[in-house]
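What follows is a single structure, written as structure tokens, with notes after it.
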Amino acid sequence: MKRCRSDELQQQQGEEDGAGLEDAASHLPGADLRPGETTGANSAGGPTSDAGAAAAPNPGPRSKPPDLKKIQQLSEGSMFGHGLKHLFHSRRRSREREHQTSQDSQQHQQQQGMSDHDSPDEKERSPEMHRVSYAMSLHDLPARPTAFNRVLQQIRSRPSIKRGASLHSSSGGGSSGSSSRRTKSSSLEPQRGSPHLLRKAPQDSSLAAILHQHQCRPRSSSTTDTALLLADGSNVYLLAEEAEGIGDKVDKGDLVALSLPAGHGDTDGPISLDVPDGAPDPQRTKAAIDHLHQKILKITEQIKIEQEARDDNVAEYLKLANNADKQQVSRIKQVFEKKNQKSAQTIAQLHKKLEHYRRRLKEIEQNGPSRQPKDVLRDMQQGLKDVGANVRAGISGFGGGVVEGVKGSLSGLSQATHTAVVSKPREFASLIRNKFGSADNIAHLKDPLEDGPPEEAARALSGSATLVSSPKYGSDDECSSASASSAGAGSNSGAGPGGALGSPKSNALYGAPGNLDALLEELREIKEGQSHLEDSMEDLKTQLQRDYTYMTQCLQEERYRYERLEEQLNDLTELHQNEMTNLKQELASMEEKVAYQSYERARDIQEAVESCLTRVTKLELQQQQQQVVQLEGVENANARALLGKFINVILALMAVLLVFVSTIANFITPLMKTRLRITSTTLLVLVLFLLWKHWDSLTYLLEHVLLPS
């Protein structure tokens, strides 16, 4: 396992950052505590603090400690502790002002009929409704893991902690020290095998560490792990983070391991949480639910539209397929399959979105709206300057070598802190403030190694080493480095009033006889936390084994599917080869058939040609015979001439006869033109007929009548 990155900070950066440290010291802020907290601090340990301020002069130069790394850890813990104080104090005051104006803004919105997420006040105090760089709207937030929801539910269900049982409560003489309530450490999962991997001691077994697999960007040369060991007495607050990895995790809502401290703060009353997790804003929840309902309705309408479009495509395909030929049907089918596949993919995506929105709606109805970064920490640069000033003031009692070591570690620490914290959402800051009560409490952490007896300091240091000792370290050097970090976290200089080194309050705390029992109790809690971590590791191993089994099963199924596909491919190949063989055989048989048919056709054509030649020969013979007959008919030409002349004579006679007939007809025709002529002609003919018939009688009569005389 790798060592902490803070142990690897070298002294060669000291000269580089010396000027920056001196500039940061010039911005040392004054007393920035609220009146309630100042009163509580004075009421809890007023006599002790006054006595310590009077009895503790400004310490002179001390001898150089034997281990420079331990002193560097002390200075780093003091620096970042006071920086967190000034960082979260201003944020807490702004949250209080926002909380005071929330009721008036809500009433004003109800009177005007404005929606809950459209009002500027609600946009200012509800980070979920902002459009920030992490998610464009509330409904584009990534769904939090169910394990993290369980942790938040358990945190919300815990009772409020009174400040009366603070760690700083002590007697006036310092001999009768009371055992304080121990706080749990809240930590984020360090990246890439940090030595502070989930080293925390929760009291509640249900708040065990939740290991979450998360892929983050690889470390660059400029990003360093920042290990913050904030210790009050024998309590260890471990905040191990990686600048880019943790920023990505917090942006995505992947807060890995959170635990609520049992009690921390001054003796002036209960810890004041700005916005309790258990009581979300009902109007904001209602607005989120309404917005999700609108999105669900919109997605449902889109699904209906896509389904109707797909049905129309099917109907159009059937209509076109009935009126097309085979080639057009194949083309139409390809186009339809593409359209159908695209619409199916669109419908599947819409269904996924619908299920996602329904899960988020159910989650919001159960746990309230999920948090989102409201504002970037605007005063982070000033806080970092205050950190440098506080480090300079806190380590003023040490030798020049200590200052050089702190200067060397300040550059990398401030760079990593600025990179990590500025990119974090506001939820991370509020969670840290809820865990530690108020960030101002860090200023009350004193250094037991400054003014106490050497044996008490050694005992406190050994107790801290006992607290952080764990089999997770690979060597004694790493363990000693972590021990120095744990002990140094309690040596916060405190830049506020009364924040001088070597406070008698801390000496009384660490010199009390009851601290041994408290240390044993803390060690017991750490062992319990380690057991919880081991259980979580076992659960993770079980999950990994389950995933491995599932992947193995999937691989076996894919292998079986691959074998089946290979068998099908082999069968298809054999079938293809058989079909090719059959085609070759059919081609050979067809060739034989074509050759036979062509031979038969040629033979038929030959026979037809021979028959034609025979007919031509017969015609030639007939023509020759006719020519012979014609030659024989020339001899009878005279007889034929006589016959012709006789026929001509007969024709001439017939012509003469016809002339006579025509002449007679010409005489008769005028007599037959009218009815009168026809009648007279008929009578004349009858008379002539009668005369011809009685001609003998008429002649006899004429002879006897006319010729009697």
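Cβ from N, Cα, C; glycine included.
Feature annotation (Swiss-Prot): of 153-188, 189-224, 333-368, the stretch labelled coiled coil is 333-368. Of the candidates SER133, SER137, SER464, SER611, Swiss-Prot marks one as phosphoserine, and that one is SER464. On the 0 to 100 pLDDT scale, the model's mean across the coiled coil (333-368) is 88.
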